[in-house]
Amino acid sequence: MASTQARLGQQALALLDVALRVPCIFTIDVIFNSYYDQGSGWIFIIIAYIVCGMLFVSGVLISTVVLLLSQKALFKFYTLFLAVLLGLAAVLINYYATSHIDFYSAYCKAALGFRLLPRNGTTLWLGMAAVQLMFGIGYVFLLNLHSVFAALVVLDIMIPLWGMMIELPADVRHMTAVISGLALALNTAVCLAMRLKWFYYSCRYVYLLVRHMYRIYGLQLLLEDTWKRIRFPDVLRMFWLSRVTAQALILVYVVRAGSSDGYLFSWDVFWDLTSNLIISGCDSTLTVLGMSAVISSMAHYLGLSILAFIGSTEEEDKRLGFVAPVLFFILALQTGLSSLDPEERLVRLSRNMCLLLTAILHFIHGMTDPVLMSLSASHVSSFRRHFPVLLVSVALFVLPVALSFTLWHHYALNTWLFAVTAFCVELCLKVVVSLTVYGLFMVDGFSNVLWEKLDDYVYYVRSTGNIIEFLFGVIMFGNGAYTMMFEKGSKIRACMMCLHAYFNIYLQAKNGWKTFINRRTAVKKINSLPEVRGDQLREIEDVCAICYQEFASSARLTPCHHHFHALCLRKWLYIQDTCPMCHQRVYIEDDGRDRAAFSNNNGGYAAPQDAVAAGPPVQGENPHGQPVAELVPNGAVAGAHAAGGPAGLDDLVEDNDSIEYDEDEWGTQNGSTPIEEEYINDDTDSTED
C-alpha cells in the first residue's frame, strides 16, 4: 500500500513537473510567431527592430532557462512567480475598486448578462474583503514572510477597502490605493532581491554540472540526459494537446454563437473544424515537434500491441515510437510544412501521412519477419502461435494494396503518388518473400528426409526479393532527383537522397555481392572434398557433428577425416574455412602442404606429419572442451542463411584456428627453449594455427 502511494506521488510530481514546463514552450512559440506593423519612417523601424530584438532574445533566454531548471528549482520559481501574480492581482483590485466602484449606484451586470448582487450595502464590501484577504494570505505564505511583516502586508492590502467603507474623499481613496500598491511592490522587490543569492548559486551549480558532464561524457550524453530529465517529449505532447484543445473550444464557441438553427455537429461543420485544427496544429516548428511527440506515443503503443499479439520479446523491435516521429519531422522539414499556406499545408500533411504509413508498415514487417522465420525454422506446430503472425503478414499485404488502389482512384500520377506506390509494391514483395520462405521451412519441417536443396531455394527466393528491392531503391533515387531538379529542392532533401543512396543502394549492393562471393567460395570448397556414399557411408556409424542427424545419402570427408553433411558444412564455411571439430583448414590450396588428420568422428587418432603432436579432442567437442552443439546451435545453423544470410552468424562464431599442445611440447616448438610452468595459465593453452 505504501509503495503504491509512493508511486502515485511520484507520478503526480512528474505530471506537475511536465505541466509547469509547458508555459515556457507556449512563450517561445508566441515569440517566434509574433509579428508587428513596421509603420512609417526609418527611425521608427530601427527603434522597433532594436526593441523587438531585445524582447525576443530576453524572452527566449528566460523561457529556455526556466525550461531547463531542475524540478526543485522549477517549483521554487513558480512559487515566487505565483506570489508576484497574487500581489499584482490585489493591487489591481484595489485600484479598480477605488476608481470605478460606487457603493451607491445601481446594479452590476456580468459579461454573460447575469444580474449580480447590488453594489450598495455591506455584502459587496465583505466579498471584496474576503478576496483580498485570501490574496494577502497566499502572498505571505508563498514568500514565507515572518509574522510581523506578514501582518503588515495583509494590513497594507486591506487599507484601501477600509477607506471606501468609511467614505473617504475620492482623491484620498485614490492616493491610498497608489501608496498601498507601491508599498506592496517595494516589499516584493526586496523579497526577490534577497533571493538573488539563491538564484546566482543555482545558476552557478547548473553551469558547473553541465560543464562537468560535457567534459566527462561529451555533448551527446549531455543532451540525452537533459532530454530525459526535463521529459521533453511529454512537454511537447502536452503543449500540442493543450493548444489544440484550446483552439477547439474557441472554434466550437464561435460556431455555436454564429449558428442560427442551433444544429452544430453536421458533417461539413465537423470536417471544417477538424481541418482548421490540423492546419493550426502544424503552423510552426514547435507545433510540428508537438505533433511528432503525439505520433511517437501512438506509434509506441501500436508497436507494443503488435509485439504482444505476435508474441515477440525483442527489445530492438520496440523502436517504432522513435522511428515514426523522426521520419515525420524529417518529412515536415523536407517539404517546408509549417511555412505553407493553410490549404496547401493540409494537402502536404496528408501526403506526408501516407508516406509515414507506408514506413510504419515496413517497420512492422521487420518486426514480424524474424518471428515468422523462427516459428518455421523451429518447427513449432501450435496453430495459436502461427495464426497471429500470419494474420499480421496478410494485413501487411492487403493494406498497401488498398492504399494504392484508393490513391490511384482519386489522384493523378505525380512524384508523390509514384513514391507511395513504389513503397507499397516493395512491402507486398517483402511479404511474399517472407511467406514463401516460411512455406519452404514448413515443408521441410513436415518432411522426414533431409532436404539438401532447401538452402539453395531459400537463397534464390531471398536474392530475387533483394534484387527487386535494390531496383526499387534505384528508381526511388531517380524519383527524388527528378523532384529536386524540376519540382522543389531543398538541402534536407539532398541530404536524405545521399543517405538513401548510401544505405539502400551502395550497402545493399555490397552486402549482396559479398553473400554471392561467400556462397560461390563455399561451393568451391565443398566440391573439392571427397564424397562418401554406399558401403563407406554405412561404415561411419556416426552422425553429423553440426546437426546431429544421420547420414542418409552422402557425406563429405574433410582432410582431417571428419564427416559432415554437405549442406551443414557449406553453411559452416560461410563463416570460416576451418573444421568445426578440430579447427584444421578444410579447403587445401594447390600450393599448400598436405595436413594429417587429428581424429575422425569416432575419436580415432592419427599422428600429424608436418606439425607437432596434438591431443585428440573428445567426440562432439571443440579443442576447448565445448560441445559443437553449444558452439553453433542446430537451429542457428539450419536457419542461418534463410534468416538473413551469413552475416547473421558473424557474432556467433569467431575465426579461431587454434590447436592444443601438451605441456611438455610448449617449450620444444620451433626449436625454442622450455618455458617455465608458472608462466603458463589457462588463457594461453592454445595458439593460432
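Note that Cβ sites are derived from N, Cα and C of the backbone, with glycine treated the same way.
Annotated features in TrEMBL:
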- 635-644: compositional bias 'Low complexity' (COMPBIAS)
- 651-666: compositional bias 'Acidic residues' (COMPBIAS)
- 675-689: compositional bias 'Acidic residues' (COMPBIAS)
- 544-583: domain 'RING-type' (DOMAIN)
- 599-689: region 'Disordered' (REGION)
- 12-36: transmembrane segment (TRANSMEM)
- 42-70: transmembrane segment (TRANSMEM)
- 77-97: transmembrane segment (TRANSMEM)
- 124-142: transmembrane segment (TRANSMEM)
- 149-166: transmembrane segment (TRANSMEM)
- 172-193: transmembrane segment (TRANSMEM)
- 286-310: transmembrane segment (TRANSMEM)
- 322-340: transmembrane segment (TRANSMEM)
- 352-368: transmembrane segment (TRANSMEM)
- 388-408: transmembrane segment (TRANSMEM)
- 415-441: transmembrane segment (TRANSMEM)
- 467-486: transmembrane segment (TRANSMEM)
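The stretch in 42-70, 149-166, 388-408 that contributes the largest number of Cβ pairs under 8 Å to the transmembrane segment (286-310) is 388-408. The highest tally of CB pairs under 8 A with the transmembrane segment (77-97), across 12-36, 42-70, 172-193, is held by 172-193. Under DSSP, the residues of the domain 'RING-type' (544-583) split into helix, strand and coil as follows: 8 helix, 7 strand, 25 coil. Contact between the transmembrane segment (172-193) and the transmembrane segment (322-340) is absent: fewer than three CB pairs lie under 8 Å, with pairs separated by 6 or more positions in sequence. Long-range contacts of the transmembrane segment (149-166) within the same chain: residues 90, 94, 97-98, 101, 103, 125, 128-129, 132-133, 135-137, 139-140, 172-173, 176-177, 180, 183-184, 187, each at least 6 residues beyond the stretch ends and with a Cβ under 8 Å from a Cβ of the stretch.
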